[in-house]
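> Per Swiss-Prot, the features are:
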- Asn80, Met109, Tyr138, His173, Ser193, Arg194, Gly195, Asp234, Gly235, Leu236, Arg237, Glu273, Tyr300: substrate binding site (BINDING)
- His277, His341: Zn(2+) binding site (BINDING)
- Cys421, Cys424, Cys429: [4Fe-4S] cluster binding site (BINDING)
Amino acid sequence: MRTDWVAKRKNDPIRTQMHYARKGIITEEMHYIAKRESISPELIRSEVARGRMIIPANVNHANLEPMCIGVASKCKINSNIGNSSVVSDIAGELEKLEYSVKYGADTVMDLSTGGDIPAIRKAIIGASPIPIGTVPIYEALSRVRRVEDLSAQVMLEVIEEQAEQGVDYMTIHAGILVQHIPLTTKRVTGIVSRGGSILAEWMVKNHKQNFLYECFEDICKILQKHDVSFSLGDGLRPGSIADASDAAQFAELKTLGELTQVAWKHDVQTMIEGPGHIPMDQIEMQVIKEKELCFEAPFYTLGPLVTDIAPGYDHITSAIGAAMIGWYGASMLCYVTPKEHLGLPNREDVKAGIIAYKIAAHAADIARHRPGVRDRDDALSRARYRFDWKEQFALSLDPETARSMHDETLPEDGFKDAHFCSMCGPKFCSMNISAKVESFTADDAAAVLSGAAPESLVNIE
């Protein structure tokens, strides 16, 4: 799709969507997204120009279908895939990608930490019509013997190679600083971000400042060259509700705001990663704080989980928080699967996480009154009231599951026309009963109250 669009800009010195937006140019990607979002191309351009929206679209990701992340558009969801040092299988990761696209993920992050990481990433990018994100420090760590052997040079090489492959956005943990580490020592769960913990160990062992912070402008130049977006990582996000909204989290967030302005100076699109584990009463404050400290850059949050007591069900504990934070203004929600805190998710875990987060993001969009976002809900409700089972299945987020649950007790095709399900049966179905009184008017009600003869009232068969 984008091959011709990108080719005609090949001689432009800067090719980021933010650069064009600031020049007043509405790109083909912006026009395409405007149709997908049912908003004007000029609004897309304006939001990208001011940094309140990003279009993660590496110039090297030719088969990408452009999308946007920002408060003026629909709330998006991300699916995490990728292998581990224990389990590595390209075919399995491509299957997870297929599930992610099928069930509605807007972006996918490849978080592979083992095996042939570049080969896995190449396969994923080549197969993906949606933006791909990565955390480059994982691959960088695989190239050195010890954490303390990491360096700016190794990281810059990895970032350049990933950008050339077509990665659309990268998580860079440049906001965790050496002076922040003492703020984490009294936490219940310490530093739970993999990237954050790696960099904390590096700083302590080398007695130096975070090299990602110190070479940040060099990273900006690479990302600008390929139009890769920053996803500024929250290396100090709280990993338990006991640690929510603490000094460490907000010290890093302030630094992320400063780095956002540096990235914008280079016309590099930027979003901010957020928590984590947050009690419900602190969620709105988290959004307000991010907008204030990070100049309204899009907020991309992991959950947040609103309680810590449900391993195996954290797609639910986090979807509750995700719906709330999406309503309050987060632009993208990173899914959590049932396997969170327990193990590497398989494709069914990926599906469960995506469905939970599609629900959360859609609920947030309804609450934010996005134009047309409720149309599907209303259509399904009308089909439900008509007992149009096939239409209900077709309109649902997961038609296969909806159909299989219905058919578990009423499998015969004849029941697809029935005016009841196995929950209530024909006698107690409220909608079936309600349909019988539809012709009862306000005049009929007044007649009842005035004591009119029964024969003069509407007759229900």
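Any Cβ shown, glycine's included, is placed from N, Cα and C.
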> Out of His277, His341, Cys421, Cys424, Cys429, the binding-site residues in the record, which is closest to Tyr138 (substrate binding site) when you go by Cα distance?
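With Cα distances computed to Tyr138 (substrate binding site), the winner among His277, His341, Cys421, Cys424, Cys429 is His341.
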> At the Cα level, what's the spacing in Å between Arg237 (substrate binding site) and Cys429 ([4Fe-4S] cluster binding site), rounded?
48
> What are the non-local neighbours of Gly235 (substrate binding site), defined as same-chain residues 6+ apart in sequence with CB under 8 A from its CB?
His173, Gly175, Ile176, Ile191, Ser193, Gly195, Gly196, Ser197, Leu199, Ala200, Glu252
> How long is the line from the C-alpha of Asn80 (substrate binding site) to the C-alpha of Cys424 ([4Fe-4S] cluster binding site), rounded to the nearest angstrom?
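Here the two Cα atoms lie 40 Å apart.
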> Per residue, counting other C-beta atoms within 10 angstroms of the C-beta, which of the binding-site residues Tyr138, Tyr300 reaches the highest number?
Tyr300
> If I take the alpha carbons of His277 (Zn(2+) binding site) and Cys429 ([4Fe-4S] cluster binding site), what is the distance between them in whole Å?
41
> Which residue, of the binding-site residues Cys421, Cys424, Cys429, has its CB surrounded by the fewest other CB atoms within 10 A?
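Minimum Cβ neighbour count within 10 Å, taken over the binding-site residues Cys421, Cys424, Cys429, occurs at Cys424.
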> Counting across all protein chains shown, how many other Cβ atoms sit within 10 Å of the Cβ of Gly195 (substrate binding site)?
23
> Near the Cβ of His341 (Zn(2+) binding site), how many other Cβ atoms are there if near means within 10 Å?
14
> At the Cα level, what's the spacing in Å between Tyr300 (substrate binding site) and Cys421 ([4Fe-4S] cluster binding site), rounded?
40
